[in-house]
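Colleague: Have a look at this one before I ask anything.
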Amino acid sequence: MPIHNTSFLDACRGQRPARTPVWLMRQAGRYLPEYRAIRKKVSFLELCRTPELAAEVTVQPVDRLGVDAAILFSDILVVFDAMGVAVEFNPGPQLPSPVRTNADIEALRWGDPGEDVGYVMNAVRACKSALADRVPLIGFCGAPFTTVSYLIEGGGSRDFLEVKKLMFCEPVMFGQLMANMSELLARYLIGQIDAGVDAVQIFDSWAGAVGPRDYETHVLPHTIALVEAVRAHTPAGRDPVPVILFARGNANTLALTARAPADVIGIDWSIELDAAIEVVGHDRVVQGNLDPGVLLGPPELIQSRVRATLADARAAKAHVFNLGHGISRFTDPEHAKLMVDTVHAGLSEGA
């Protein structure tokens, strides 16, 4: 069955739909009371690993906010199930046994995401059924660098010293780890595509942890390899799915990120959108980039900042409206709804 609202996919493919499409990173999450009600009953990992529940929370923001795309409820670190790596959420992700030595790396298992993370593929199918072709479904994964960073650091980090230690002291070993991760993530995303997702986003949440020179040398080649592998895949009976690349903290490396052949370049809030378009090129599709903190402000501020972002985006080939990072758990859902409605109203009101 064809998707009823194609504005998101149209924009991803470089077209300008009648109204700008909008969705939010982390749109299914703790700011929604209906999500919190489910989380009282199950752990975070149980929610990720139970397809019916994952589908239920995936659809919640579509019903409440009227966004133009759903994003699969999951986590970038569930792919570790295909590697034999344990991860716990207390509440943030923690790895009891970080990978830091050659012996640790050699002990890793590079499994089959379709089998080892099959619950994600089942969740995709459950989401597609629950959405009933109202809007497209976005699948996702972490970028190689972000995923490897969690693997080495054992969780989030302020300075990423363990990652940099391996990167600088054992560059060949680090490069092989990144290459293996890129290949695994490609198979993981392709599995989601074959299960039915309509687009995919690659999250490089920690791209800003390294400077431009090291990003270009140690990070970008593996990101490009992942993007190329996914874009080369054509699902049976369907067109190739659009690939979105979002690198957080990317103002200083944005020109490098734009070398990746992604269909859409995600822009974080650290740079004005019109300036970002000058960097990536007017022939590219961009996504972003409202500061999530704006949604904590008064309604008139939300409306004015949304319209300013829409105005900045006119210089791009096409635009998918989003936040410049994930929505805050302290956001009033009515403020998120106001943002969506203001995007859909466009620049005809008050601009």
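Counting starts with 1 at the first residue shown.
Just so it is clear, glycine is given a Cβ too, placed from its N, Cα and C backbone atoms.
Pulled the feature table from TrEMBL, pasting it below:
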BINDING   R26, Q27, A28, G29, R30, D75, Y150, S205, H325  substrate binding site
DOMAIN    21-30  domain 'Uroporphyrinogen decarboxylase (URO-D)'
SITE      D75  site 'Transition state stabilizer'
Colleague: Sort R30 (substrate binding site) into helix, strand or coil using the DSSP assignment.
Modeller: coil
Colleague: Sort H325 (substrate binding site) into helix, strand or coil using the DSSP assignment.
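Modeller: Assignment for H325 (substrate binding site) reads coil.
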Colleague: Roughly how many Å lie between the Cα atoms of H325 (substrate binding site) and D75 (site 'Transition state stabilizer'), rounded to a whole value?
Modeller: 15
Colleague: Look up Y150 (substrate binding site) in the DSSP assignment and report helix, strand or coil.
Modeller: helix
Colleague: I want to check the contact list for A28 (substrate binding site): same chain, sequence separation of six or more, C-beta distance under 8 angstroms. What comes out?
Modeller: Y35, V57, T58, Q60, P61, A70, I71, F73
Colleague: Sort out for me which one of R26, R30, H325 has the most neighbouring CB atoms within 10 A, since those are the binding-site residues we care about.
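Modeller: Answer returned by the neighbour count: H325.
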Colleague: Can you work out the mean pLDDT of the predicted model over the domain 'Uroporphyrinogen decarboxylase (URO-D)' (21-30)?
Modeller: 97
Colleague: Roughly how many Å lie between the Cα atoms of R30 (substrate binding site) and D75 (site 'Transition state stabilizer'), rounded to a whole value?
Modeller: 14
Colleague: Quick one: Cα separation, Y150 (substrate binding site) versus D75 (site 'Transition state stabilizer'), in Å?
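Modeller: Y150 (substrate binding site) to D75 (site 'Transition state stabilizer'), Cα-Cα distance: 12 Å.
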Colleague: Quick one: Cα separation, D75 (site 'Transition state stabilizer') versus R26 (substrate binding site), in Å?
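Modeller: Cα-Cα, rounded: 10 Å.
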Colleague: Which residue, out of the recorded positions D75, Y150, shows the minimum number of other Cβ atoms inside 10 Å of its Cβ in this structure?
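Modeller: Comparing Cβ neighbour counts within 10 Å for the recorded positions D75, Y150 gives D75.
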